[in-house]
Amino acid sequence: MASTICFILWVVFVTDTVWTRSVRQVYEASDPEDWTMHDFDCPRECFCPPSFPTALYCENRGLKEIPAIPSRIWYLYLENNLIETIPEKPFENATQLRWINLNKNKITNYGIEKGALSQLKKLLFLFLEDNELEEVPSPLPRSLEQLQLARNKVSRIPQGTFSNLENLTLLDLQHNKLLDNAFQRDTFKGLKNLMQLNMAKNALRNMPPRLPANTMQVFLDNNSIEGIPENYFNVIPKVAFLRLNHNKLSDAGLPSSGFNVSSILDLQLSHNQLTKVPKISAHLQHLHLDHNKIRNVNVSVICPSTPTTLPVEDSFSYGPHLRYLRLDGNEIKPPIPMDLMTCFRLLQAVII
């Protein structure tokens with residue numbers, strides 16, 4: 001399952017990168033005489049690639065306003081300008097928009113006209129990173145699949161903001177100003193298909209409440225989280241990647257079962273205050289525990305049990321799946337305990 005997720009995300013990233021590079025190559029190599037085919041509706045501040053009639057490039061132009069968007073446009077690039085507002089009018093004909101990049105502007109919540117974004121019924125990707133937002137914008141179109149809000153000043157999530165975003169799969173709120181009081185028990189209600197949640201680099205002291213059941217990737221690095229409630233992972237039974245690096249987790253703050261959650265494949269707990277290795281699942285493949293206060297590794301506690309009736313050859317398939325273990329930056333002294341290697345027979349790398 002994890003490899004499938006990574007492959008999908010990698011394909012999306014590579015596809016976007018290659019597509020963008022191809023447009024720029026076309027721009028550099030194309031004959032200016034060919035540009036006239038779309039000049040009739042192309043905003044004079046922007047570039048309309050002749051080989052990609054559904055793309056509109058208006059980035060790095062010093063724009064203070066969004067130009068009128070032609071109806072044929074699917075992909076809109078407006079990053080790195082001086083735009084402060086998102087009014088309805090420029091988008092009144094842009095009924096086909098799938099992708100909007102407004103990163104690195106000066107947009108505030110007060111500058112977003114109420115229906116400007118929600119009227120875009122086919123919008124899938126919305127990038128508003130590096131702006132001046134203080135709360136998650138609302139309302140948003142139901143069609144939205146990815147919402148990128150990193151590096152703003154977001155400290156509030158108005159009630160009901162996500163209630164109709166059932167198609168959203170990725171929510172990026174990293175590097176904002178979120179506190180625990182930004183969340184209600186029903187904050188994430190409606191995000192039925194959310195797969196990745198990134199709230200790294202905020203000011204959280206507690207785990208966010210009641211995450212959507214389908215969430216598979218949770219990134220909470222660089223907060224001030226001190227503990228994890230008992231049975232917290234019961235509501236997110238599909239979580240596979242969990243990052244809690246650079247927090248304030250201690251042994252007393254962990255659930256009694258530790259991280260013995262069968263769905264978790266990659267667990268990152270670097271730079272915390274742990275003094276012992278927590279319990280883990282036999283399905284875990286990558287464990288990062290570097291830069292804690294761990295003095296020794298009690299293998300009898302952390303080694304997931306394997307049925308003794310299994311033949312030796314089957315123990316590799318049904319036994320612990322741990323392949324990568326980081327313990328450097330602790331108070332552990334080599335050599336590596338032999339019973340650690342005996343328990344985790346699939347280990348490919350151990351860093352102490």
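Even glycines carry a Cβ here, placed using N, Cα and C.
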**OP:** State the disulphide partner of Cys48 as given in Swiss-Prot, choosing from Cys42, Cys58.
**Re:** Cys42
Original post:
Counting every protein chain present, what is the number of Cβ atoms, excluding its own, within 10 Å of the Cβ of Asn298 (N-linked glycosylation site)?
Top reply: 12
**OP:** Write down the Cα-Cα distance for Cys58 (disulfide bond) and Cys42 (disulfide bond), rounded and given in Å.
**Re:** 10
Subject >> Coarse DSSP state, helix versus strand versus coil, of Cys46 (disulfide bond) >> reply: coil
Original post:
Out of Cys48, Asn93, Asn260, which of these recorded positions is nearest Asn298 (N-linked glycosylation site) by C-alpha distance?
Top reply: Asn260
Original post:
Between Asn222 (N-linked glycosylation site) and Asn260 (N-linked glycosylation site), how far is it from one CA atom to the other, in Å?
Top reply: 23
